[in-house]
Amino acid sequence: MAGGGVESGAPGKRAHLYEHRFTHYFAFTCFVGALGGSLFGYDLGVSGGVTSMDDFLKEFFPDVFKRKQEHQNETDYCKYDNQVLTLFTSSLYISALIMTFFASPLTRKKGRKASIIAGALSFLAGAILNAAAKNIAMLIIGRVLLGGGIGFGNQAVPLYLSEMAPAKNRGAVNQLFQFTTCAGILIANLVNYFTNKIHPHGWRISLGLAGVPAVLMLIGGLLCAETPNSLVEQGKLDEARKVLERVRGTKNVDAEFEDLKEASEEARAIKSPFKTLLRRKYRPQLIIGALGIPAFQQLTGNNSILFYAPVIFQSLGFGANAALFSSFITNGALLVATVISMFLVDKFGRRKFFLEAGFEMICCMIITAVVLALEFGHGKELGKGISAFLVIVIFLFVLAYGRSWGPLGWLVPSELFPLEIRSAAQSIVVCVNMIFTALVAQLFLMSLCHLKYGIFLLFAGLIIFMSCFVFFLLPETKKVPIEEIYLLFENHWFWKHIIRSDQDQKTSNWKPVTTI
């Protein structure tokens, strides 16, 4: 903070004076803003289905199609182990992690809306190119453009929702992003189920329909208001106050508006937000929000199931339509779980959802590994009873993930960062998330081939580790205003020592300065 760390006038001290009422305008802006999640969700859902379609494989990956038709022992777990095929999926996420660094300065200087619009245009171009693809190069270029859309969208949308929401409802509002993500996944699975029956170009319809959420996001980006935080940051104070009054449903926004202005003054004093993020003062936010949670969200193993649900179920002996239908059921669980989390996360808190659901996920991964170890392999397909049992276990796993690491993996990082580092930190969040998403996408089928059922034991071990991380290091953030989050770390049993050592160093180097 300016002035040697003086806290008496710090943002967030007026939080008890904040007022808000529900307005239809607020609901509209948040829902339209959340449509950015549908881009991510539709792609998550559609990719695995398309890569299991025979028409798609015959045209672009004939070797994989040939191997899929065989029933040799070594192909039980390895039917789809092809690095070019997995590059089709992972190239999008590699592109997204690169583009998020271009999104950061745009989001900070021109606002959240600018990144939302840029993301929609890039995603729309990628959808058109993929639908018209004649060779692998066109597919990959299309995926890179889709990745650009996700990089911009995932950078801006969580910030947009967190900044628009009042503190008491921030958890539920921010999870609209996860809700539209899950809705996109579910719709993509339903689309794949029907287009799989349209020969020979059903896969083109699946990929081309990705343009629909992009158009909706583009329209939303043009119609929505900019967040008050961003407008203040850009120096548009009158417009910021008008938007704040409109989204809060009251003229009495003096306390919150003053906090926003003070936070913006601190933000303008920061010339290098990425360098500032490395200071010890922000070490908790860096380790928990920017690095830990985004990486752990992917290492739960859930997105592997979402990417490749049809592929996994076909590898386990389900037919093509049965595999797509089974993945539709499991993704339905994700949508239901997100709705549960939206209504309860601001009541029970983030930590309880992380820990309770984490225990369930560990149990499900271990059960899946044991069943596959005993019943699967040696060139035989699973029996109907065992297959149904596995679908139920995966359903329960997704239900647990969908109310914990799925939505909270985006919610918690978006609410941890003060304004001066928020855009830069969110870029790192998206970057780390996409790095691990790409790694998991690229390596999962190969790992399934070599580790077999052991891959699920690996995920169980990782979930144990990340649950301990949450238990010991993450304070509860429910109903705490964003500009007051830093106080949680100043009073945390571990982080207070890290932060105070930085403050002590600043105090020892303190010299009188002119008050600004």
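The backbone N, Cα and C atoms fix where each Cβ goes, and this holds for glycine too.
Sequence-distant contacts of the transmembrane segment (22-42) (same chain, six or more residues past either end, CB-CB distance under 8 Å): 112, 116, 119-120, 123, 146, 149-150, 153-154, 156-157, 160-161, 164-165, 173, 176-188, 209-210, 213-214, 216-217, 219-220, 223-225, 246-249. Residues or ranges marked as transmembrane segment by TrEMBL: 22-42 (among others).
Residues annotated as domain 'Major facilitator superfamily (MFS) profile' in TrEMBL: 29-478.
Sequence annotations record features per position, and here TrEMBL assigns transmembrane segment to 84-102 (among others).
Positions annotated as transmembrane segment by TrEMBL: 114-133 (among others).
Residues or ranges marked as transmembrane segment by TrEMBL: 139-161 (among others).
If you look up TrEMBL, you'll see 173-191 (among others) marked as transmembrane segment.
Annotated transmembrane segment per TrEMBL: 203-225 (among others), in sequence order.
Residues or ranges marked as transmembrane segment by TrEMBL: 286-311 (among others).
The annotation transmembrane segment is assigned in TrEMBL to 323-345 (among others).
Marked as transmembrane segment by TrEMBL: 357-376 (among others).
With a cut-off of 8 Å between Cβ atoms, the residues of this chain six or more beyond the transmembrane segment (382-402) that come close are 178, 182, 300, 302, 305, 313, 316-318, 326, 329-331, 333-338, 340-341, 357-358, 360-361, 364-365, 367-368, 371-372, 375-376. Here TrEMBL flags 382-402 (among others) as transmembrane segment.
Sequence-distant contacts of the transmembrane segment (423-445) (same chain, at least 6 residues past either end, Cβ-Cβ under 8 Å): 80-83, 85-87, 89-91, 93-94, 96-97, 100-101, 103-105, 107-108, 147, 150-151, 154-155, 158-159, 273-274, 276-277, 282, 285-286, 289-291, 293-295, 297-299, 301, 303-304, 307-308, 311, 409, 413-414, 416-417, 455. As annotated by TrEMBL, transmembrane segment applies to 423-445 (among others).
Nonlocal intrachain contacts for the transmembrane segment (451-474), taken as residues 6+ away from its ends with a CB within less than 8 angstroms of a stretch CB, comprise 77, 284, 287-288, 292, 296, 299-301, 304, 350-351, 354-355, 358-359, 361-362, 365-366, 368-370, 372-373, 376-377, 405, 412, 444, 494-495. If you look up TrEMBL, you'll see 451-474 (among others) marked as transmembrane segment.
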Other parts of the chain folded back onto the transmembrane segment (84-102), taken as Cβ under 8 Å at six or more residues beyond its ends: 43, 47-48, 51, 60-61, 64, 122, 136, 139-140, 143-148, 150-152, 154-155, 307, 427, 430-435, 437-439, 441-446
